[in-house]
Amino acid sequence: MTRNLEKKMSIREDAQQGKVTPLFEQCAAVESMSVERLMAGVSDGTIAITKNKNHAFSKVIAIGAGTSTKVNANLGSSKDINSLEEELKKLAVAIKAGADTIMDLSMGGDLQKIRQEILKNCSVPLGTVPIYQVAAEVVAAGKEIVDMTVERMFEVIEQQAKDGVDFMTIHCGINRHLQERLKNQPRTMGVVSRGGSFTLDWMNHHKRENPMYEYFDDLLAILKEHEVTLSLGDGIRPGCLADATDRNQIQELITLGELTERAWAAGVQVIVEGPGHMPLNQIKANVLLQKQMCKGAPFYVLGPLVTDIAPGYDHITGAIGGAIAASAGADYLCYVTPAEHLKLPNCSDVHEGVIASKIAAHAADIVKGLPGAIEKDNAMAKCRKELDWKGQIELSIDPAKSAQYRHEGGGDATDACSMCGEFCALKVFERSQK
């Protein structure tokens, strides 16, 4: 392998050519793996490094085989609630809680300004869904979503790439064939992906192919120029347990697998998105299907949410599914907040969502046998045995909450807790051994 400090356009091509760069060295160090192994993963597409050449940030990450399970936090304004100040607060909360990436899903207010300010303040990779901006613009102009133009779709993608967006969710897997299949196999909830529904609405109205599928090569050219990772959106993901793993979902996945290989051939890195709502016993099979269909490309799942009846607690339903999915081989969890299905999340919701998904990711990393994962739990066990409360708080996934609960329980002045006090099992056992 050769040493090369020059900035190259394509991270994937650098890896394929065996050119060691500071980016590869930094990611390998974070993941406790050799540079050679990391580069082999980037070369064969099983690892993606989401880093736009126009975005300077401090926390570069690798997503995929052999790396720690990553967590994404979604932010963004809505038409009804659009405060840049609030979104920047959410950004800070998400990053402090441990989010590895951020997605700006804004659809209200000055979208360009919101995105650029988030980019400026974002110390981790930032993703977007460009069709959101296109749809929001036409609606703000008093028109309908179907009035989006192909030209504007590509203009927005290119502008966001130039601004520094690191990865983009684009629903390329929806095509005319899948459109007909949806008519032939009705669903309980139809299509729940906003980007997917916008795309299908446009296709139905214009009787045309999905522009992101039809002009896929043009899309790849833009993404490669700016080193944007393509996150292939699952526009037909199931929105309820009843729709999970149906023919519609799997047909889109087959298409995403084909598009993955085309993107790789063009020198573009790929992440593949997945469900969604899904019963526990279907999650492992879905991960296996994605890994087979998409040749091991990193798998990015929303949850999955394992029940439909827990609004207000969907950060828990999502964490349960996320732990199972990641332990089965999924690489990247999109967080779910307690506000899911109910409202736009606030700062508290964002914090709770990130922590829940970080717990799921860590639990999966233990199963994956990743370096340093179980060691954290072993260190916690040692602190608990020794009643080292300071150590326990420092090791916890949410130190502030641990400290708060300890204080509220009156534990500051004792080595026990208010649950057991003098009946502490650890103390009794220790005494019995003397």
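Here the Cβ of each residue, glycine as well, is placed from N, Cα and C on the backbone.
Since this is a predicted model, take the numbers as computed values, not measurements.
Per Swiss-Prot, substrate is bound by Asn74, Met103, His171, Ser193, Arg194, Gly195, Asp234, Gly235, Ile236, Arg237, Glu273, Tyr300; the candidate from Tyr132, Tyr215 named for the same site is Tyr132.
Here the Cα atom of Arg237 (substrate binding site) is found 8 Å from that of His277 (Zn(2+) binding site).
Gly235 (substrate binding site) sits 13 Å from His277 (Zn(2+) binding site), taking the CA atoms of both as reference points. Residue pair Gly195 (substrate binding site) / His341 (Zn(2+) binding site) shows a Cα separation of 16 Å. Of all the binding-site residues listed here (Cys417, Cys420, Cys424), it is Cys420 whose C-beta has the fewest other C-beta atoms within 10 angstroms. Checking each of the binding-site residues His277, Cys417, Cys420 against Ser193 (substrate binding site) by C-alpha distance, the shortest gap belongs to His277. Residue pair His277 (Zn(2+) binding site) / Tyr132 (substrate binding site) shows a Cα separation of 22 Å.
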